[in-house]
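Asker: If you look up TrEMBL, you'll see 10-430 marked as domain 'Enolpyruvate transferase'. What TrEMBL records for Lys22, Ser23, Arg27, Ser167, Gln169, Asp319, Lys346 is 3-phosphoshikimate binding site. Under the heading phosphoenolpyruvate binding site, TrEMBL lists Lys22, Gly94, Arg122, Gln169, Arg350, Arg397. Here TrEMBL flags Asp319 as active site, proton acceptor.
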Amino acid sequence: MPSHRFTFSGPLTGRLRVPGDKSISHRSIMFGALAIGETRVTGLLEGEDVMATTAAMRAMGARIEKSGETWHIHGVGVGGLLQPDAPLDMGNSGTSTRLLMGLIASHGITAQFTGDASLSKRPMGRVITPLSQMGANFDASEGGTLPLTMHGALPAVPITYRLPVASAQVKSAVLLAGLNTPGITTVIEPVPTRDHSERMLRGFGAELKVEEVDGERVIRIHGDAELKPQDVVVPGDPSSAAFFIVAALITEGSDLVIENVGLNQTRAGLIEVLRAMGGQIEELDRREVGGEPVADLRVKHSALTGIDVDPEVAPSMIDEFPVLFVAAALAKGTTTTSGLDELRVKESDRLSAMADALTLAGARVEERGDGLVIHGSGGDPLPGTSGVPVTTHLDHRIAMAMAVAGNASRKGVEVDDTSPIQTSFPNFMHLLAKAAA
Ligand code: S3P
């Protein structure tokens, strides 16, 4: 378990580029593996989570290779997945697990899913319920967790499913099961979540329609689909850029350009909230990359003011709360967040993990059932930790958020385990050291 003390090493300046979007990377491998012919992907995130997806798709018959900067995927066709002959090791990745459960649900194969200690605590009932309605069968561990074995259904039965939680993973699992299901599978989404599956499935040639009915999104996918191979360019991950956006905002003297950041509306909530707190974030050269809006972001040190964060923006920044809490700890006045029950079932319980970590670093935090209330320092550096390191609970975003806090602290912040950062942002520590040098 490599621990690390993150200390102030200077304002963030210059230009940097964050790795490819994790959600889009997973999907490009999965959809490429279901197309007939060769899909080429550039800008793929080569973190452990995406590599878990890659290994699983290989185990089910796809040929996936890298040459130069391009990944080449030779798919098996929808319906063509093969029975894996060993358990699928999902590592730390909820996205791999839930989306692959969807894919396999409408294939006549049996697969076992395993994962690390963090993933093995996370709820899978949310996908087991709709996929069972489609005909799949599950032997899960107590509480609907991993390790679990699933028996796909062939043919599966199309359903209409209204999402009980705002979750792009659950939405995607049902849509992916629908790909190899005769008829039309419908997902009703009362609260919009990231729409990469919809955009990309359409790009790969699936017949997928989205309609707005009484304020809800109704998504219909036609089964027995045929996917056509694509050239995919993966834009930079806004959820990775988030750490550098906040680090630049809270560190005096910073003026940083983060290039090629994906700005899909369903992902851009953090920027909106930070601007409302007084953050200077400028979009340069807005353009399209791989069918997604992208810009370079110029971020300058700013005096932030605490706000009440509207729970309605939560789905569009669901992975950014740990680092927003760090921004709030440095702001003037109080920041209140609510409606964040979902944060308790991420890679860790992010409300309790961040309340504990920020308190250890000297911030003033109150933990509530569904959010945190943070009384900011008014721009003064946090005291930092001494003695006891903060605990990351196998959660990459806790580690990176507290690294950012360390750069805005007097004594530095000691993080117990930096290895989870490999799941989503392998060169994070290198980029942080370089930008702050
Ligand atoms: C993801 C959806 C979100 C997010 C995760 C990636 C995706 O999860 O937290 O990091 O790629 O679909 P939920 O669907 O559980 O909110």
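Placement of Cβ uses the backbone N, Cα and C atoms for every residue, glycine included.
Remember, predicted model here, so these are calculated numbers, not experimental data.
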Asker: Provide, as an integer number of angstrom, the distance between the C-alpha atoms of Gln169 (3-phosphoshikimate binding site) and Gly94 (phosphoenolpyruvate binding site).
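Answerer: Gln169 (3-phosphoshikimate binding site) and Gly94 (phosphoenolpyruvate binding site) have their Cα atoms 8 Å apart.
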Asker: Under a three-state reading of DSSP, tell me whether Gly94 (phosphoenolpyruvate binding site) is helix, strand or coil.
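Answerer: Note: Gly94 (phosphoenolpyruvate binding site) is helical by DSSP.
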Asker: By CA-CA distance, flag whichever of Gly94, Arg122, Arg350, Arg397 among the binding-site residues is nearest to Arg27 (3-phosphoshikimate binding site).
Answerer: Gly94
Asker: From the binding-site residues listed here (Ser23, Arg122, Ser167, Gln169, Asp319), select those whose CB sits under 6 A from an atom of ligand 1.
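Answerer: Ser23, Ser167, Gln169, Asp319, by Cβ distance under 6 Å.
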Asker: Select the closest residue to Arg397 (phosphoenolpyruvate binding site) from the following binding-site residues, measuring between CA atoms: Lys22, Ser167, Asp319, Lys346.
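Answerer: Out of the listed candidates, the nearest Cα belongs to Asp319.
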Asker: In terms of Cα spacing, which of the binding-site residues Lys22, Asp319, Lys346 are within 10 angstroms of Arg122 (phosphoenolpyruvate binding site)?
Answerer: Lys346
Asker: Across all chains shown, how many C-beta atoms besides its own are within 10 angstroms of the C-beta of Lys22 (3-phosphoshikimate binding site)?
Answerer: 24
Asker: Sequence gap of 6 or more, Cβ distance under 8 Å: name the residues on the same chain that satisfy this around Asp319 (3-phosphoshikimate binding site), in order along the sequence.
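Answerer: Asp319 (3-phosphoshikimate binding site) has long-range Cβ partners Ser239, Ala242, Lys346, Arg397.
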Asker: Among Ser23, Gln169, the binding-site residues in question, whose Cβ has the most other Cβ atoms within 10 Å in this structure?
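Answerer: For the binding-site residues Ser23, Gln169, the Cβ with the most other Cβ atoms within 10 Å is Ser23.
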Asker: What is the interatomic distance between the Cα atoms of Ser23 (3-phosphoshikimate binding site) and Gly94 (phosphoenolpyruvate binding site), given in whole Å?
Answerer: 11
Asker: Below 8 Å Cβ to Cβ and six or more residues apart, same chain only. Which residues does that give for Arg350 (phosphoenolpyruvate binding site)?
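Answerer: When sequence neighbours closer than 6 are ignored, Arg350 (phosphoenolpyruvate binding site) has Phe321, Pro322, Leu343, Arg344, Asp395, Arg397, Ile398 within Cβ distance under 8 Å.
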Asker: Report the mean pLDDT of the predicted model across the domain 'Enolpyruvate transferase' (10-430), rounded to a whole number.
Answerer: 98
